[in-house]
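Record features (TrEMBL):
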DOMAIN    38-98  domain 'Myb-like'
COILED    199-241  coiled coil
Amino acid sequence: MSDLSEFLVFPTEGASTPSTSNTSRASTSNNSRTVDFKWSVMETKLLIDLYEQYKKKVGTLEIKTIKQMWQRISEKLSEILNTIVTPANCENRWRVLDRNYKKYVDDQKSTGQSRKYFEYAQEMERLFGNKKSIHPPILLNSENIHVPEPETIQENEENMTVEASTSGVTEKEPAKNQNKKIPLHVHKSNPRKRKVTPLENIRQERHSYHNKRLEIEREKVQELKRRNDLLKERNNILKEYQCNCATNLL
């Protein structure tokens, strides 16, 4: 047995086995590497739900950075789906969703074109429905209308920390030379004329016809009166003529 001891090889102090070193390298590069993972509809909706759940915790003691958030989401997905989903897979998929949702929102505001279909519109609307960066408000000014550009949602992921200051909050003094807002005067347009219904149109025509008939009847009465006056004048002339003739004969 003493002769065999010289052929035994023992690891030197400080050396590590190949399996241990490979495991450590895989764990350190897990955050930045991607695997061939195909996202289905169910898996994408699950990613949206997890993002909604963990995004509100960023900046707390549980999740301090965006990088840690993607790590937690990838671990949860890997556990549920029983497969490997890296943080890079989750982040890249979310960027695609965010970009397509912004295009979908802009398309809904445009007119004259066929509306596009976005499969995850309902889920993203629930998440970003009231966010001003996605739905910017329209500000009215005395001179023009200003629509602020949407803010980018892409956060810095390299060790971004959120520091909560507990020393005190200093309120900003109101600006002395703040521009006064000029009220926007809206000129009311004249009310539109009410459309005439067919029944009212018939009534108006009848009224106009009745007035014309009355005018014609008045003219007839005046003509008859004038003729009567002429006949009376003629009769008077004949009477005077007859009287003169009788006097001459006598």
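Backbone N, Cα and C define each Cβ position, glycine as well.
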Which whole-number mean pLDDT does the model give the coiled coil (199-241)?
-> 88
Residues of the domain 'Myb-like' (38-98) by DSSP state, where helix covers H, G and I = 43 helix, 2 strand, 16 coil
